[in-house]
């Protein structure tokens, strides 16, 4: 069975040596000194390894079942969920007014990477709850907040997000669910929602559904969509639970992966719902938490890559097969461990260099969310909005590929379920789809985010890289191995953006046909930037002579791999982009 | 549930318009006129659609089970297997002396693509049998051939290949299975083999296992391995079946996919085996059928991409979501079909341009096998040996990626099992692993095949492309869109090969660290070459004014897509290769 170890040293490196979080002028950050974060991360790592990870394969094998209308979770899930609750982990970054720990979001992301790596399907129950908490916290009335938030922070009640319907996925304007106003100010909700993660289960007393629906007579399409709180059990004024609220599970889906999470068809049949935020402004309410939710899914993609990688390393060290062509390494054994083989190394280095770069990218993004949240900084908000589709799309696409590669290292043993490597792949696959399929992320990036503030945010990103390159030039090794390739890739990204601006005016399809490549080009530049920052930090630590020299040297070697072996993908993406819409759109529809 | 339609028009195009098979001086080819191949392909397509494809999801859902020592196949498998047998499909290219149809191998590959696309797990039963047939046909004594081949050609008895043991996968020298000579000239076989596809089942009267084992006292390692025929039931001299032969199924593996095929742990306990070929020359016997077997797996990778693509096209035409940004296409509907969106188009074009290029590549390769088989042509044998790792590695890697992309077009509907898109991905995944994991293919390519005949075969490949470019220059459109990019990519491939030659002498790891990228670079050049040949053929047909003009125009458009959007990957692979072994090998083993 696979194992998992929380990468606390690497998280500490990024938080302190690279981002120097405690020194940033964001409220709450000054408390995050090295010892404090070490304590939090260490405990989260322990829970991940000891409590959550052992349930990962169990969840995959048992899955969930629908019994008499209630979803049963796999053996052990409830007990582990209790431990997560009791430790206060479900409310780590939540508002202390409602029982949260009030910690910065970055700690939630750092611990979340570990929890999710240990068991993605399990962590979706508190994960979805956190999303619903954020929506109610941002848009709820005082009464709604008082009624729902304390129980959701503690996960005594969990939450869900209900957007999709059979005929309506990305295009939410096609929604049919109806919300009819009642005399008491509530709404009667009727409709069917599909793909509702954590839609029902036996680990909490109530499930608080956030449901998008249309109030009859409102504007057509997406502009007429409102958001409602629909509890599974009516909550009485004294906070106790009343009757079932016409909410039922129509079906639990059989899926490729995340078997431990209940993906439900939810039927609402005249259910009582409470308008959350303004009528017809449901999409706006959803958007406020979209950056967080999407960054969270990006981190899930990364987390599966981490778990898969760790097990691939163990296997590559233990599995004896063939001999090192440059000289036998294990003369007393029947063969050398496969980690000696260059192509196995290539796979491990691909994974390692992606993982550490992506981790830094996710944590860097989290600092922007903390800044925007705590100070209302508009530039931070704009920058994370620009980067969010990249974080979601690039990290999940690449994260998935890395799980496939980790599985490959096991050969045939990776294909049988017994070893657990297949599960990482099957679980990671959903991250490319949910919370906006990655093609939609690319569309969001090119269609909306690139033009944010008239393009100023994109320019600010390029300036950031330019300044970094300028400020850190001078060290011959860093220049050649990091700064120069970073500059070149950033220039390619600018060239692509320029092409979109110029050709997109003639035909928007020129930009749309290149959007996916642009997202990946952007992702590589971000990881190149992260690796350059990590290299500078590692080098400076080495020169200071403090800390673990082997760790910092490894950073430089791993970063060099990324810059020389992964970053060259940018030129290919640019070339594809510059070929424009023509090759993509030239075929008649009936010729496919 | 997914559907499948055999791509007979495209197969005909490649066989006749591109390769002009009937005109090639290969025995048997002159019979393959257009009407004849149309009849064969049409009937194979019908069986694929009507008989085999409907069992694909059933096989996935039911899987196989071990009951009282016998493997039970999914409902419907036996009846379909009977139909395949009765139609003579299992012996299509087999020796007429043993009941085969004696058709050229290329027809087996063309029909096999369709059968495998319809149901990969099911087709592995006759597929493995064909492999065992080939080995016995090539190396068996007259008595062995007479005893086993007729029943294997008809698939009354099926076959298996037993190589892997728990401690021994790629490195077959670590084998522990023993073959002790008996007084009657047979051997007593004892050992455990794992991952034995089609290891047992209820669709045939006997299973003929080909088992690699060591005769005690023979040479150490791989040089002491011999190949044995070990029937499940002893075959008596009169051809009837006798006792069980100490062969038992230890376990049926739970796998990520190909659930309909029994992947068995096989235990041999003093089983009677008959030496096939010479003692200690088992590996040589295996190698003789390796090109075919690996090309076959490459075609499996392609076939899953085809099946997934066809269903993605149907979905993209039916699913209404969003509007074409350049103008509404379906004004009477609530939204436009998603095939209007450029990023959906990109995914479909990626798939289509891969599929058609790969199909041509596989069929081109088959002509070399036919030529080598029928005429003993050493150059054809060498060329297919060079191309085999590319066919296997590139087609399965890319084929898998294409199934992932097809699944992506379905969004959330692609992740639930109900739609069947997950199965294509899960089934395709094994093709990257079995019959030599793709990293091993890359090693074979760079370590052995590139130096075949002192490098003359590789040079012959480059000459082939050079001649083609020269012979077909002159048409401005073809030059710009096909010949020039092909030339450039072929030059990059040569540069990479040159780098290996020069740097590999200093350190073999320089070549090994770039082997995987080299395999992909090579694959792209092959598909670029195929697309250029197809473009020339299509253009010539258009100029002649014969045939289906829309079909030929579509070819040119699809080819142009490949050349401008897919082929640019070659530069990236070259750049990675040229970075050498250093970034790959620099890390200490304990720093992963």
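Heads up, residue numbers simply count up from 1 along the chain you see.
Positions of Cβ are set from backbone N, Cα and C atoms, glycine also.
Feature list (source: TrEMBL):
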type: DOMAIN; residues: B:78-156; note: domain 'Acyl-CoA dehydrogenase/oxidase N-terminal'
type: DOMAIN; residues: B:161-269; note: domain 'Acyl-CoA oxidase/dehydrogenase middle'
type: DOMAIN; residues: B:281-444; note: domain 'Acyl-CoA dehydrogenase/oxidase C-terminal'
type: DOMAIN; residues: B:461-588; note: domain 'Acetyl-CoA dehydrogenase-like C-terminal'
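The stretch with the most CB contacts under 8 Å to the domain 'Acyl-CoA dehydrogenase/oxidase C-terminal' (B:281-444), chosen from B:78-156, B:161-269, B:461-588, is B:461-588. In the domain 'Acetyl-CoA dehydrogenase-like C-terminal' (B:461-588), helix, strand and coil residues by DSSP number 110 helix, 0 strand, 18 coil. Across the domain 'Acyl-CoA oxidase/dehydrogenase middle' (B:161-269), the DSSP tally of helix, strand and coil residues reads 7 helix, 56 strand, 46 coil.
Shown for the domain 'Acyl-CoA dehydrogenase/oxidase N-terminal' (B:78-156): DSSP residue counts in helix, strand and coil, namely 61 helix, 0 strand, 18 coil.
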